[in-house]
Amino acid sequence: MTVSSAPGKVYLFGEHAVVYGEPAVPCAIELRARVEVNRRDDGKLRVHAEDLSLDGFTVEYSGTTDDRPDVNVSESLLSAATEYVDEAIEQVRAVTGEDDVGFDVTIESDIPLGAGLGSSAAVVVAAIDAATRELGTTLEPVELAERAYRTEYEVQDGQASRADTFCSATGGAVRVEGDDCRSIDAPDLPFVIGFDGGAGDTGQLVAGVRTLREEYDFAEDTVETVGDLVRAGEDALADGDLEELGQLMDFNHGLLSALGVSSRSLDRMVWAARDAGALGAKLTGAGGGGCIVALDPTPETETALSFTPGCEDAFRAELAEEGVRQLE
Ligand SMILES: Nc1ncnc2c1ncn2[C@@H]1O[C@H](COP(=O)(O)OP(=O)(O)O)[C@@H](O)[C@H]1O
Ligand SMILES: C[C@@](O)(CCOP(=O)(O)O)CC(=O)O
Ligand SMILES: [Mg+2]
């Protein structure tokens, strides 16, 4: 048995634009996914995932379409639920050369699914780390992050950045621009998260921005403007200027809205945070529904969000200094 955990993340700035080569700054947070794997010699993959919105289920299959598990949910829901883990195991087979190996995989996660806190990256990073170690191979963090990126790239139909997976693998605050991924210093960032209880489909939302960008120059310009904003944000980060960081988060949310990835409940939470005196607030991750992140050193934003209609959960998130963690 081998067990690893990896953290989720919030985007201080730069989601979506990072897919087109602009810089982004995600920060790992202390919400983790824990993945346990045991090798199987029959080549099958058995996934036990208690936190999936399918109400928790166990499936057993070999990964071919004619051997899908017998559970009473639609094929599309099932594939959305299982494809990140399936592809992570494909990456493990490729990197170890053990093409026919199977696994029992058990996933437990604190990270809400599809809500912009990087649950997919955390599950994929922890799964690849645990499964490779189970086979006697230890990947360096950079190679682990690369394999996890390839997993997201495949599942999201060739539209993914290295940001979530690198951040989850290494922890801390990171800066990602294309294939240049590095850890950066960050001041103490008082993150408050609001969660509307919903989810967005990352692949679809990324595809929507791509289409908009192909159709309208303004959308291409907006993506570039996000890049300019991130560069300004790096200076504010280096100076520890929380007020400017907050203001830039507000701008970033406006630009994401222009790209069509916000939602009524995300906007409502963003405004509730601003009205409560947050230094800034924006959606985090792919959008469509899910989470916002605000900066507020006082308790006001968390309290205001907890009384905001449509906000299901409000909580503070600490920066996770440690990325992937080997538990057993
Ligand atoms: N606890 C979990 N158990 C199994 N699969 C998970 C879990 N958390 C996330 N996943 C996988 O990640 C997908 C959600 O990823 P995504 O849409 O990128 O949202 P996000 O990364 O913002 O949470 C789920 O549909 C599922 O495939
Ligand atoms: C929209 C995007 O920039 C971030 C997606 O984050 P999440 O999966 O919603 O946590 C996509 C990507 O970088 O691969
Ligand atoms: Mg994701």
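Backbone N, Cα and C atoms are what each Cβ position is placed from, and that goes for glycine too.
Features as listed in TrEMBL:
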{"type": "DOMAIN", "residues": "3-38", "note": "domain 'Galactokinase N-terminal'"}
{"type": "DOMAIN", "residues": "84-172", "note": "domain 'GHMP kinase N-terminal'"}
{"type": "BINDING", "residues": "P112, L113, G114, A115, G116, L117, G118, S119, S120, A121, A122", "note": "ATP binding site"}
{"type": "ACT_SITE", "residues": "D164", "note": "active site, proton acceptor"}
{"type": "DOMAIN", "residues": "235-301", "note": "domain 'GHMP kinase C-terminal'"}
CB contacts for the residue listed as 'active site, proton acceptor' [other CB atoms within 10 A, all chains]: 35
Local confidence of the prediction over the domain 'Galactokinase N-terminal' (3-38), expressed as mean pLDDT: 98
Listed binding-site residues with Cβ under 6 Å from ligand 3, out of P112, G114, G116, S120, A122: S120
Candidates near ligand 1 among the binding-site residues P112, G114, G118, A122, judged by a Cβ under 6 angstroms: G114, G118
Euclidean distance between Cα atoms of the residue listed as 'active site, proton acceptor' and G116 (ATP binding site), Å: 10
Residue pair G118 (ATP binding site), the residue listed as 'active site, proton acceptor' - Cα distance, angstrom, rounded: 6
Check: same-chain CB within 8 A of ATP site center, minus P112, L113, G114, A115, G116, L117, G118, S119, S120, A121, A122: G8, I111, G285, G290
